[in-house]
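Peer 1: One structure, as structure tokens, below. Some questions next.
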Amino acid sequence: MALIRLVAPGRVFSDLASMVAYPNFQVQDKITLLGSAGGDFTFTTTASVVDNGTVFAVPGGYLLRKFVGPAYSSWFSNWTGIVTFMSAPNRHLVVDTVLQATSVLNIKSNSTLEFTDTGRILPDAAVARQVLNIIGSAPSVFVPLAADAAAGSKVITVAAGALSAVKGTYLYLRSNGLCDGGPNTYGVKISQIRKVVGVSTSGGVTSIRLDKALHYNYYLSDAAEVGIPTMVENVTLVSPYINEFGYDDLNRFFTIGISANFAADLHIQDGVIIGNKRPGASDIEGRSAIKFNNCVDSTVKGTCFYNIGWYGVEVLGCSEDTEVHDIHAMDVRHAISLNWQSTADGDKWGEPIEFLGVNCEAYNTTQAGFDTHDIGKRVKFVRCVSYDSADDGFQARTNGVEYLNCRAYRAAMDGFASNTGVAFPIYRECLAYDNVRSGFNCSYGGGYVYDCEAHGSQDGVRINGGRVKGGRYTRNSRSHIFVTKDVAETAQTSLEIDGVRMRYDGTGRAAYFHGTMGIDPTLVSMSNNDMTGHGLFWALLSGYTVQPTPPRMSRNLLDDTGIRGVATLVAGKATVNARVRGNFGSVANSFKWVSEVKLTRLTFPSSAGALTVTSVAQNQDVPTPNPDLNSFVIRSSNTADVSQVAWEVYL
């Protein structure tokens, strides 16, 4: 009679070495390893990938760890085993130990990597390389479009059978057309990643419906083509911690902390990434803490960066819908950099589109706190702050960047700046404090400055066109608004200055017009501005060889007293002491101007005539003229007029 084992024997081991050396495991065995890295195992003779954490090779077969939920780094005997475990998709690993990286850790689709308070990854001691990779790949085969696809379209066409696209497939479109987000494309060509939502074929042509509209025109004349990339999808990194302060005197170099390429739905939160740069030193090896290249729907939240050679978060290629929230970057080149790819080693495609930075902070950056490098579209920063940057606080080098309620403190150059050829950044409710050159510099291509404040700079706003509306400016040593061009070939455009509070506070002029750079004041309009206290000296001019025509002026205030009242005409005339002012000379670097006096008749006697202002006179007392003794005459066309007339003085 055959004997049948009814109860599997229990095999308990106190250490890993004795367990993996045991020679007599059988399939039914119940196997237990004691200790912090212990657990329950099953034995199998089926070939399995060994990672020395969840799968061990033993005599005659393999031990498989029994677990539900994440694996733990403390289970693994070495870094190579962790790399092996994470090389497959659908993985969840908790880093609960200090790991010494000896190679790149590649993370695949549908995976999560999270760190406990004691979990760390220390960069490779021997080779400077990336630490964590979420890397897909570009298509290996492209097919041409069957027809032009216009910007705004959500449909492309290819020849029937040319592309094996089905619902859910990612597509990578590109052409030889150049990116258009900024003034200098550096030769980078257009590209986008889209997802297929439907496919239909008729008459030898396959129509592919896309999840989002195209941002560019894809023309056959520009060799527009499409392929299927390999995307890494749905990856989450929770509290990633790379390197340590003072670890081996910060000599553990890495090129990129977390590198993503052709990835979708990548989310990084609450991390710490420490670079190798000595405090305050210039750029060194170690480009970026986090790099997104050709990624879609990515987020970074609550992550800190220290001593990074270049960038905290770098976004380039056709990355789209990237959001960065609540990061803190200390002693990096830029906290956030939207970048172009170098074409020195061949063609490159794609610019960042739809980028949003919210509640981000940059401290002591070696260059601008936040930068957009020449290309990119629909870029926005909200409630971000730059402190003590060695260049500008914020630098816009692509068109139409929008800043909402951001702040710049003590930048070595401008608090907020654009660059050559950049058109019309938008600033709303932003604050600039104690920046060396200016609070806002829009003098490279114009800009819009709405309800902002600048205090303690040489100039509050440098600008050559656009609009400055609302806001408050104080303690700016030369001027509150400097109308100039930082580059001679930049075209001056019309400029509206409206409703700005720029009272005299002991330093600087309200406005400065830079004739040296060819500024034409007639392209400027100034209205409803509070320039109280500046008096005759509200404007500074330089570089003009003949007296220029002043800007268009309306309802500006130079004083807060002696500027309104009521006069009663006697025999059709009244002399009024008021703070009327004017400059009647013809000196080149000055404007010829006189106060505007608005008259409103309050009574209407039968003798009422047409009212005019004549004989504006300024007190000439020496050494200090008294503006309260300035005067003007209200005169009626009817010498019998005895009307009461309200008067208001403006510039």
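A Cβ is built for glycine as well, from the same backbone N, Cα and C atoms used for every other residue.
Got these off Swiss-Prot a minute ago, pasting:
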REGION    71-559  region 'Interaction with the host trisaccharides on the capsule'
SITE      Gln130  site 'Substrate binding 1'
SITE      Asn217  site 'Substrate binding 2'
SITE      Lys291  site 'Substrate binding 1'
SITE      Tyr311  site 'Important for catalysis'
SITE      Glu314  site 'Substrate binding 1'
SITE      Asn339  site 'Substrate binding 1'
SITE      Trp340  site 'Substrate binding 1'
SITE      His373  site 'Important for catalysis'
SITE      His373  site 'Substrate binding 1'
SITE      Arg378  site 'Substrate binding 2'
SITE      Arg397  site 'Important for catalysis'
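Give me the lay of the land around each of these features.
Peer 2: Residues near Gln130 (site 'Substrate binding 1') in space but far in sequence (CB under 8 A, at least 6 apart, same chain), listed by position: Val104, Phe254, Thr255, Ile256, Gly257, Ser259.
Taking the Cβ of Asn217 (site 'Substrate binding 2') as centre and 10 Å as the limit, one finds 17 other Cβ atoms among all the protein chains shown.
Residues within less than 8 Å, Cβ to Cβ, of Lys291 (site 'Substrate binding 1') and separated from it by at least 6 positions along the same chain comprise Ile256, Ile258, Ser259, Ala260, Tyr311, Val313, Glu314, Val315, Leu316.
The secondary structure of Tyr311 (site 'Important for catalysis'), as reduced to three states from DSSP, is extended strand.
When secondary structure is read from DSSP and collapsed to three states, Asn339 (site 'Substrate binding 1') falls in the coil class.
Under 8 Å, Cβ to Cβ, and six or more positions away along its own chain, Trp340 (site 'Substrate binding 1') finds Cys179, Thr185, Tyr186, Val188, Leu316, Lys348, Glu351, His373, Asp374, Ile375.
Classification of His373 (site 'Important for catalysis') by DSSP places it in coil, neither helical nor stranded.
Sequence-distant contacts of Arg378 (site 'Substrate binding 2'), defined as residues of its own chain at least six apart whose C-beta falls under 8 angstroms from its C-beta, comprise Ile353, Glu354, Phe355, Gly400.
In sequence order, Gly182, Pro183, Asp371, Thr372, His373, Asp374, Ser418, Asn419, Val422 constitute the residues six or more apart from Arg397 (site 'Important for catalysis') in its chain with CB-CB distances below 8 Å.
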Peer 1: When the pLDDT values for the region 'Interaction with the host trisaccharides on the capsule' (71-559) are averaged, what is the result?
Peer 2: 94
Peer 1: Are there residues of the same chain, six or more positions away from Asn339 (site 'Substrate binding 1'), whose CB falls under 8 angstroms from its CB, and which are they?
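Peer 2: The answer is Tyr311, Glu314, Val315, Leu316, Pro352, His373.
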Peer 1: CB neighbours of His373 (site 'Important for catalysis') within 10 A?
Peer 2: 23
